[in-house]
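Peer 1: I am attaching a structure below and will ask some questions about it afterwards.
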Amino acid sequence: MSTGADLKAREGDIPSDNMTQEQSFKKGFCSLRHGLAFILHLCNFSIYTQQMNLSFAITAMVNTTVASSQLNASTERPPTNSQDVWNETLQESKAPVYDWTPEIQGILLSSLSYGSFIAPIPTGYVAGVFGAKYVVGLGLLISSVLTLFIPLAADAGVALLIVLRVIQGMAQVMVLTGQYSLWAKWAPPQERSQLITIAASGSMLGTFLVLIAGGLICQALGWPYIFYIFGGIGCACCLLWFPLVYDDPQNHPFISTGERRYITCSLAQEDCSLGWSLPIKAMVKSLPLWAIVVSYFCEYWLLSTVMAYTPTYISSVLQANLRDSGILSALPFMFGCVCIILGGLLADFLLSRKILRLVTIRKLFTAVGVLASSGILLPLPWVRSSRSTTMAFLVLSSVFASLCDSGALINFLDIAPRYAGFLKGLLQVFSYLAGGIAPTVAGFFISQDSEFGWRNVFFLAAAIDVVGLLFYLIFSRAEVQDWAKEPTFTHL
């Protein structure tokens, strides 16, 4: 195994023309590592469309009287015209409908989370030990194929559909967690923010597209086609993934010598070798790791609240109909998709030009993202009379929140690249924990008092996010921790 000193020595032996070629790979987007970011962008896009498609399709899948009663309970002004369109569409498309109670619908929508909560840590460990190519690829393939079979499973019975969704949740975690083991091998430190944010922006784009097109697909083609279309897109992504993606640049058959050398030399100071053992005791005692964990939980509390209740807030408080609610709910994700990439580019620019240190960049982007996004949400209850002002605040909150993806949310790769897959799995558990608790608490507040409930929801989410920020600012670091380095042995 090559050490950092060996790699430095080899770098010194590189001829000047090769060094010039190597320098050229520091600029531009025509490289295999950026190609990997684009493919992962498509993978994340596919996974998030598959996560959200049932939320839209279930309105058309259930008996219209059940759907109508749910709609009347969740909005102040039921959009009767939109409901008539749904009824006409169901009759014309002849898609099957089911007499699922609200309780069964809730279990179906939650079943994906059951699998997602179980799988992250073992998935991250397996990806870190055996490599991420087949972990991510198989996860995407399984999730996509199961998406295609959802209409058949629904016909077979609700129990089979629940089991299918649990397995699908586990498969999706394989993609969302395992990909970070790839970045530990492929992302030079000075490009880490932009590469990861390009890939992560696929989740925003997927959410945006489902919010925009999900209802239209169900209306025009029938609800089964929302599963056929997005499941088919996922299968198509697998055709790109397996032949083009490799676990590391050393084994990639199509990479140029210059790019391989640039990535290898850039990562020479970091120990990215795969390891079987986990320094659990050292991890538990590591305050920089706890800073990331706490920040993850608190930031996802705010994010989960916004994602879960933005459509409800727009429909009930702003009294938008179904069509307008979908379009307006998609706007924050559209702008967030763009700004998450711009934030990554800005972070890497500040680092490559040595304007700021890496730890300063991580703390600065996290602080701006948390303070601005949470602060903008606080006045929402007082501007509810203006739809344009409310939407402007929601969009701005999403824009600033995207900066955290270049801050605390990728900081674990800085402190322990060797255990990137395992740590991402651990952090996913805390994010799912926040995602399970936050909407429940928000629902309790809103049910108690519709006017002051929203105010309490936003204040609580902002307060939790700021507390997490303070903990992160105090204890976070950006250098590789001692427990994340490969042990060295002295031979006498």
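Our numbering is plain: 1 for the first residue shown, then up by one each step along the chain.
Backbone N, Cα and C define each Cβ position, glycine as well.
According to Swiss-Prot:
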type	residues	note
REGION	1-20	region 'Disordered'
CARBOHYD	Asn18	N-linked glycosylation site
CARBOHYD	Asn44	N-linked glycosylation site
CARBOHYD	Asn53	N-linked glycosylation site
CARBOHYD	Asn63	N-linked glycosylation site
CARBOHYD	Asn72	N-linked glycosylation site
CARBOHYD	Asn87	N-linked glycosylation site
TRANSMEM	112-132	transmembrane segment
TRANSMEM	134-154	transmembrane segment
TRANSMEM	156-176	transmembrane segment
TRANSMEM	198-218	transmembrane segment
TRANSMEM	225-245	transmembrane segment
TRANSMEM	287-307	transmembrane segment
TRANSMEM	327-347	transmembrane segment
TRANSMEM	363-383	transmembrane segment
TRANSMEM	393-413	transmembrane segment
TRANSMEM	426-446	transmembrane segment
TRANSMEM	456-476	transmembrane segment
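Tell me about the surroundings of these features in the structure.
Peer 2: In the three-state DSSP scheme, Asn44 (N-linked glycosylation site) is classed as helix. The number of other Cβ atoms within 10 Å of the Cβ belonging to Asn44 (N-linked glycosylation site), over all protein chains shown, comes to 24.
Proximity of Asn53 (N-linked glycosylation site) to non-local residues of its own chain (separation of 6 or more, Cβ distance below 8 Å) is seen for Thr147, Val210, Gly214, Ile226, Phe227, Phe230, given in sequence order. In the three-state DSSP scheme, Asn53 (N-linked glycosylation site) falls into the helix class.
Close to Asn63 (N-linked glycosylation site) in the fold, though at least 6 residues off in sequence, lie Val97, Tyr98, Asp99, Trp100, each with a CB less than 8 Å from its CB.
Remote same-chain partners of the transmembrane segment (156-176), defined as residues 6 or more beyond its termini with a Cβ less than 8 Å from a stretch Cβ, comprise 43-44, 47, 50-51, 54, 98, 100, 104, 107-108, 111-120, 123, 127, 135-136, 138-140, 142-143, 146-147, 149-150, 425, 428.
When Cβ-Cβ distances below 8 Å are used as the criterion, the transmembrane segment (198-218) is approached by residues 34, 36-38, 40-49, 51-53, 55-57, 59-60, 89, 179, 183, 225-226, 229-230, 307, 311, 322-323, 326-327, 329-330, 333-334, 336-338, 340-341, 344, 402, 405 of the same chain, each at least six residues removed from its ends.
Same-chain residues lying 6+ beyond the ends of the transmembrane segment (287-307) with a Cβ under 8 Å from its Cβ atoms: 207, 332, 366, 370, 373-374, 377, 394, 397-398, 401, 404, 408-409, 411-412, 415-416, 423, 426-427, 430-431, 433-435, 437-439, 442, 457, 461-462, 464-465, 467-469, 471-472, 474-477, 481.
If you look at the transmembrane segment (327-347), the same-chain residues 6 or more away from its ends with a CB under 8 A from one of its CBs are 193-198, 200-201, 204-205, 207-208, 211-212, 306, 310-311, 314, 318, 320, 361, 365, 387, 391, 394-395, 397-399, 401-403, 405-407.
The list of residues near the transmembrane segment (393-413) in space but at least 6 beyond its ends in sequence, with Cβ under 8 angstroms from a Cβ of it, reads 180, 183-184, 187, 192-193, 196-197, 200, 204, 288-289, 291-292, 295-296, 299, 302-303, 306, 310, 331-333, 335-336, 339-340, 343-344, 346-347, 361-370, 372-374, 376-377, 379-380, 383, 420, 423-424, 427, 472, 476, 478.
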Peer 1: Excluding the flanking five residues on each side, which residues at least 6 beyond the ends of the transmembrane segment (426-446) place their CB within less than 8 Å of a CB in that stretch?
Peer 2: 113, 116-117, 120-121, 124, 173, 176-177, 292-293, 296-298, 300-302, 304-305, 308-309, 412, 453-454, 456-457, 460-461
